[in-house]
Amino acid sequence: MMAEADAEENVYREAVAESPVAPPNGDINIDDLLPDGPQGNIQGQMEEFLGPQPEYDEEEEEKKYYRRKKLGVVKNVLGASVGGMIIYSVYMGLLQMQLILHYDETYREVKYGNLGLEDIDKKMLMGINVTPIIGLLYTPILIRFLGTKWMMFLASGIYALFVSTNYWERYYTLVPSAVAIGAAIVPLWASLGNYITRMAQQYYEYVNYKEDHVQEQKKLPKGACHRYVIIFQSVFFIIFHLSLVFAEFPQRIFLQQFLSDYNHTLYNVKHCGAEGSGMIGGFNRTVLKHLPRSLLLIQVESVLMGAAFLSMIIFLAVCGAAYRPTEEIDLRSIGWGNIFQLPFKHLRDYRLRLLIPFFIYSGLDTLFSVTGLTLSYGVCTVGLEWLYLLVMVYGLSCSLFSCLSLSLLRLPRYVSLLGGAVIHGPLLVFLLFWSPAPRSPDQLPYLLVVIALWGMGSALNKTGLSILLGMLYEDKERLDFVYTIYHWWQAIAIFIVYLWTGLIMRAKLSILLVILLLACFCYWTMERRLAKNMPFRLPRIPRPKHKVKGYRYLEEENSDESNSEESDEDDDEETQEEVIREDFGGDAGSQGSDSTRERRGGARGRRRRQDDDYEQAGEREEREKE
């Protein structure tokens, strides 16, 4: 046994003698202790990866991050613009082709017999033009429940549904889909206006990400994002107005070969322009030389259906969210009753009330340009075979002259609206006295000039209104309400145009001229009041119904908690309206009476202390759990 112990001791002494001797000062080099081979290389790589990187520049990486964010915003604006342009190209192109085919007596009798297709078309147009009247009741609720992006996607799906019903043209397919389109018009346009303005605000935040008010997610300074609102709204309308050009492709490529010439279609027409009444009095009931094959119609509708699906995919895949997830929760958490009431409460603001005549004129202009001007003046004079050219010139003019709204970057904001009125006013007076003779193709150049000038005025009008609303109402909590009111009044005007179809042309032009003059006077009154710092009333947006901001909304409510009466009083105070005085010529400010400020200041102080108590209580609970 002693021999074995001596042998083990000798082995231990040899191992110690072979091991490296520790330095006398106690410093040990770790690299000397690491084994040679793959394990030592892995350890070195780990230290190199986890250690500080001399090549990493935090500020440069931050710039790259926000550069990507800005490109994402540009992608969203282009996606919304192209998606809206495609879906409206499909909708207007299909509707125009459908109405021309259904108007022809021979087509109706041969294809559908006694189905009553003409009556179906009347009810379908009624559904499209009448249903938007109730849009103010549900549009804000839909936008806040679904979100801005998903509202655009759903509306484009409804338009695609309308295209699909044309595969089987019956009362129970065409009329319900037309009613659905009428119900989706106001939500779609309110979502588009809200989305483009929100993208302008986001772009400002990404450009000025180092500012304190951006990092703390506070309200933006007055007028900070006006530049981007002007640019993005102009880009949207430049792209969207091209829908009028692409909408004529089905007629130009497919239907043009089947149309009769103007000598046949205008044979019984006696009066055009200012002397006419209705659409085109005496227009021939047969407009087709021969009927198109059903298979060819199915192919055209299939191409349009594919374009409608492409628009849906663009809204879904290309467009990003307009709000952060927590912001969308906050927007919904103010209560459905408040969301329903707030559009009506916003009408107490004199700025919106004085813009209502311009909203109405914008709607009248939209339908008059594609019905009264192109049909009663254009088709009545040169024939149905030139309809595509008239509409395409109008669309190109609108798209091209939407660029003029970029002048608002240097000029006052009233230039766009009043500039459009200055163009439309003399044109309306001219149209009141112009009655071109039927079957006069030599009048085509003059018609194109008039339509191009009208398109210039329409572009300035529509782009100017959207820009003006984005500049006047910069609170992201109000954008959906404001744009809903705008497009709802447009829908009311479109309904009026639908009702006045049988009026004489001079009566229509006189109504347009009177409303245009009234709109200019009301807008001038609004700007004058703002220049005098006259206070306007804005309804206060109620606070969300949760206690803590963020995702921690599922706290159990304690009805016995202290200060419950004070919190109820605070909620009541928040529903009161605030009076704001704003100076657009310089720095903005908002002020009310001294008693109102003191009361609200006390309410905010109590609410802030109450929130601090909740946060401290939450921290204590977390420490106790740990």
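Numbering starts at 1 and runs along the chain as it is shown here.
For all residues, glycine too, the Cβ spot is worked out from N, Cα and C.
If you look up TrEMBL, you'll see 1-37 (among others) marked as region 'Disordered'.
Among the features that TrEMBL reports, transmembrane segment is placed at 73-94 (among others). Packing against the transmembrane segment (73-94) from elsewhere in the chain are residues 152, 156, 159-160, 162-163, 166, 181, 188, 192, 195-196, 199, 202-203, 206, 232, 235-236, 238-240, 242-244, 246-251, 301, 304, 307-308, 310-312, 314-315, 318-320: each is 6 or more residues past its ends and has a CB under 8 Å from a CB in it.
The list of residues near the transmembrane segment (124-143) in space but at least 6 beyond its ends in sequence, with Cβ under 8 angstroms from a Cβ of it, reads 151, 174-176, 178-179, 181-183, 185-187, 190-191, 194, 336, 339-340, 342-344, 480-481, 484-485, 487-488, 491-492, 494-495, 497-498. The feature transmembrane segment is assigned by TrEMBL to 124-143 (among others).
If you look up TrEMBL, you'll see 150-168 (among others) marked as transmembrane segment. Proximity of distant same-chain residues to the transmembrane segment (150-168), defined by a Cβ-Cβ separation under 8 Å and at least 6 residues beyond the stretch ends, is recorded for 80, 83-84, 87, 90-91, 94, 98, 142-143, 174, 177-178, 180-181, 183-184, 187-188, 191-192, 195, 298, 301, 304-305, 308-309, 311-312, 315-316, 319.
The transmembrane segment annotation in TrEMBL covers 174-196 (among others). Sequence-distant contacts of the transmembrane segment (174-196) (same chain, at least 6 residues past either end, Cβ-Cβ under 8 Å): 76-77, 80, 84, 91, 120-121, 123-125, 127-132, 134-136, 138-140, 142-143, 148-149, 151-152, 154-156, 158-159, 161-162, 165-166, 232-233, 236, 319, 322, 466, 469-470, 479-480, 483-484, 486-488, 490-491.
Beyond its flanks by at least six residues, the transmembrane segment (228-247) meets 77-78, 80-82, 84-86, 88-93, 96, 192, 196-197, 199-201, 203-204, 370, 391-392, 394-396, 398-400, 402-403, 405-406, 408-409, 459, 462-463, 466-467, 470-471 of its own chain at Cβ-Cβ distances under 8 Å. The feature transmembrane segment is assigned by TrEMBL to 228-247 (among others).
The annotation transmembrane segment is assigned in TrEMBL to 303-323 (among others). Sequence-distant contacts of the transmembrane segment (303-323) (same chain, at least 6 residues past either end, Cβ-Cβ under 8 Å): 72, 75-76, 78-80, 82-84, 86-87, 89-90, 93-94, 147-149, 152-153, 156-157, 159-160, 163-164, 194-195, 198-199, 250, 331, 476.
Positions annotated as transmembrane segment by TrEMBL: 354-374 (among others). Listed by sequence, the residues of this chain that lie at least six past the ends of the transmembrane segment (354-374) yet keep a Cβ under 8 A from its Cβ atoms are 244, 279, 387, 390-391, 394, 417, 424, 431, 450-451, 454-455, 457-458, 461-462, 465, 468-469, 485-486, 489-494, 496-498, 505, 508, 511-512, 515-516, 518-519, 522-523, 525-526.
The transmembrane segment annotation in TrEMBL covers 386-407 (among others).
Residues or ranges marked as transmembrane segment by TrEMBL: 414-434 (among others). Same-chain residues lying 6 or more positions outside the transmembrane segment (414-434) and placing a CB less than 8 Å from one of its CB atoms are 273-274, 358, 365, 373, 377, 404-405, 407-408, 450, 453-454, 456-461, 463-465, 467-468, 506, 509-510, 512-513, 516-517, 519-520, 523, 527.
Feature annotation from TrEMBL assigns transmembrane segment to 446-469 (among others). Sequence-distant contacts of the transmembrane segment (446-469) (same chain, at least 6 residues past either end, Cβ-Cβ under 8 Å): 193, 196-197, 229-230, 233-234, 236-237, 241, 355, 358-359, 361-362, 365-366, 369, 373-374, 377-378, 381-382, 389-390, 393-402, 404-405, 408, 413, 416-417, 419-421, 423-424, 427, 430-431, 436, 482-483, 486.
Per TrEMBL, the feature transmembrane segment maps to 481-501 (among others). Tertiary proximity for the transmembrane segment (481-501) is limited to same-chain residues at least six positions away from its ends with a CB under 8 Å from its CB atoms, namely 125-126, 129-130, 132-133, 135-136, 139-140, 143, 185-186, 189-190, 193-194, 197, 278-279, 342-343, 346-347, 352, 355-356, 359-364, 366-368, 371, 465-466, 469, 472-473, 507-508, 511.
Within its own chain, the transmembrane segment (507-526) is flanked in space by residues 274, 350-351, 354-358, 360-361, 364-365, 368, 372, 414, 417-418, 421, 424-425, 428-429, 431-432, 500, which lie at least six positions past its ends and keep a Cβ under 8 Å from the stretch. Annotation source TrEMBL lists transmembrane segment at 507-526 (among others).
What TrEMBL lists as region 'Disordered' is 552-626 (among others).
Summarising the annotation, TrEMBL assigns compositional bias 'Acidic residues' to 556-577.
Annotation source TrEMBL lists compositional bias 'Basic and acidic residues' at 617-626.
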